[in-house]
């Protein structure tokens, strides 16, 4: 009896700490409900090899915009086979002078690999220490989960990089757009950023914010 109790104790302990998947994969079904762990699973009978392949990163993104940059994501909604696997990718195109402004990925760390050009990249720790590096072709840099970071084309021609994330849905919040591209009242933005009313109104005008 004592041995049986010990066995049940061990089994209960193992089951409480195990995070092993009970199935091979969970291809995303974008039409189904979402949960904190990802999208609902597509019916396995409807899964094909195409769910595990993605060709969207082959084509350059459109950099004709205010930041002169484009990010092409291969996250779970577009690359259904990554759902629940804790991985995803994206393509980063930067025209001359292009920049990915300060932003965070709440759900994942990021690794960047430069394929073409020169990219100045960096992140800011929670202690407000800056880690800054100029990256050439073949160089890599990692950005810890949740920390503010950026990428800037510091070369003379276009730049290209591929990034990998430790989540199929890493999330994204771009700081300038969070502050100036919504309807947060200008007086609150001014109070929390120490910017003048003129500066805030100008930035809201550029990025499409109101109030």
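Note that Cβ sites are derived from N, Cα and C of the backbone, with glycine treated the same way.
Feature annotations, reproduced from TrEMBL:
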type     : residues           : note
BINDING  : 103, 105, 110, 149 : Mn(2+) binding site
BINDING  : 105, 110           : oxalate binding site
DISULFID : 26-41              : disulfide bond
DOMAIN   : 55-201             : domain 'Cupin type-1'
SIGNAL   : 1-20               : signal peptide
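Here the features listed in TrEMBL are placed on the structure.
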| residue | record | CB count, 10 Å |
| --- | --- | --- |
| 26 | disulfide bond | 24 |
| 41 | disulfide bond | 17 |
| 103 | Mn(2+) binding site | 18 |
| 105 | Mn(2+) binding site | 22 |
| 110 | Mn(2+) binding site | 22 |
| 149 | Mn(2+) binding site | 21 |
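For residue 41 (disulfide bond) paired with residue 149 (Mn(2+) binding site), the C-alpha to C-alpha distance reads 32 Å. Residue 110 (Mn(2+) binding site) sits 22 Å from residue 26 (disulfide bond), taking the Cα positions as reference. Cα of residue 26 (disulfide bond) to Cα of residue 105 (Mn(2+) binding site): a span of 23 Å.
For the domain 'Cupin type-1' (55-201), the predicted model reports an average pLDDT of 95.
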